[in-house]
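Engineer: I have a structure I would like to understand better, so I am pasting it below and will then ask my questions one at a time.
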Amino acid sequence: MRREIPFSKLSGAGNDFIIMDNRDRSITLEASAIRALCTRRTGIGADGLILIEPSETASFSMLYHNADGLPGTMCGNGGRCAVWFARSIGVQPDAGGCFRFEANGDPYQAWVSGPETVRLRMREPRGIRDEIDLGGQYCAFIDTGSPHAVIRTEGLDAVDVVGEGRAIRHRTDIFPGGTNVNFIEVTATDSIDLRTFERGVEDETLACGTGAVAAALLSRRLGMTSADSIRVRVKSGDMLNVTFSEDMREVYLTGPAVIVYTGVVKAG
Ligand SMILES: N[C@@H](CCC[C@H](N)C(=O)O)C(=O)O
């Protein structure tokens, strides 16, 4: 039966999410209902829907769904927004100001590092491949919690992110589970511009957190940048910051997390 469910709509640098408090596990949403809620114009409209659920090992568990209604892999901006939302519903950090949560079975830590700003420690990256031949075009790959192909361009504004991104996203001969696809332009030794085609949204989004981390780490690894703190300007114009240790095992993603509005929706 459809019931009234309170939600908040948050923006993490333009990557937008519907977030619901499900700590009492009273919300059950079918994939079709999540897809309808995330559909722009006829629904609330969002890149994903997040349920804040109870956890035995942390303050909460983040259950992330892409806009297609299916459970996604890690969402960096979603994780930052989940922390900002959790704080708004009374979840407290530990004495050191650290919020601990779990997502996809991995533990995460985050801190409020400024007004409407959240810093998230990411999982260690995996599966790095420096050069993949896509057939005349080359990309690199890294799993930063979600799978990401990264392609260097010059003239990022002119790239057909949707057309090229969609084609690469479906290269399951190379990326068996599909992949998110990032196009970058290096603008300085410590900054890049980024545009992302997101798997599960099946479109270009205004920002992608795990994509920003992927782009920053690979840009440094492949010698396009030389700093251990990279400024990543995303499609919305917002900045994400990616900071990492020399061995790239300790990685932080920092950026805006804003409650755009709150409301009640009939769903379920
Ligand atoms: N927007 C996200 C990435 C979300 C996951 C992704 N679409 C997938 O399941 O592949 C981010 O900010 O990291």
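The backbone N, Cα and C atoms fix where each Cβ goes, and this holds for glycine too.
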Engineer: Starting from the substrate binding annotation in TrEMBL that includes N66, G76, N77, N180, E198, R199, G209, T210, which of N15, N22 is the extra site residue?
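Structural biologist: The record-listed residue among the candidates is N15.
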Engineer: By Cβ count within 10 Å, point out the most packed of the binding-site residues listed: N15, G76, T210.
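Structural biologist: That would be N15, with the highest Cβ count within 10 Å.
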Engineer: C-alpha of T210 (substrate binding site) to C-alpha of C75 (active site, proton donor): distance in Å?
Structural biologist: 6
Engineer: So which one is it: of the recorded positions C75, N180, R199, C208, which has the fewest other Cβ atoms within 10 Å?
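Structural biologist: Looking at the recorded positions C75, N180, R199, C208, the Cβ with the fewest others within 10 Å is that of R199.
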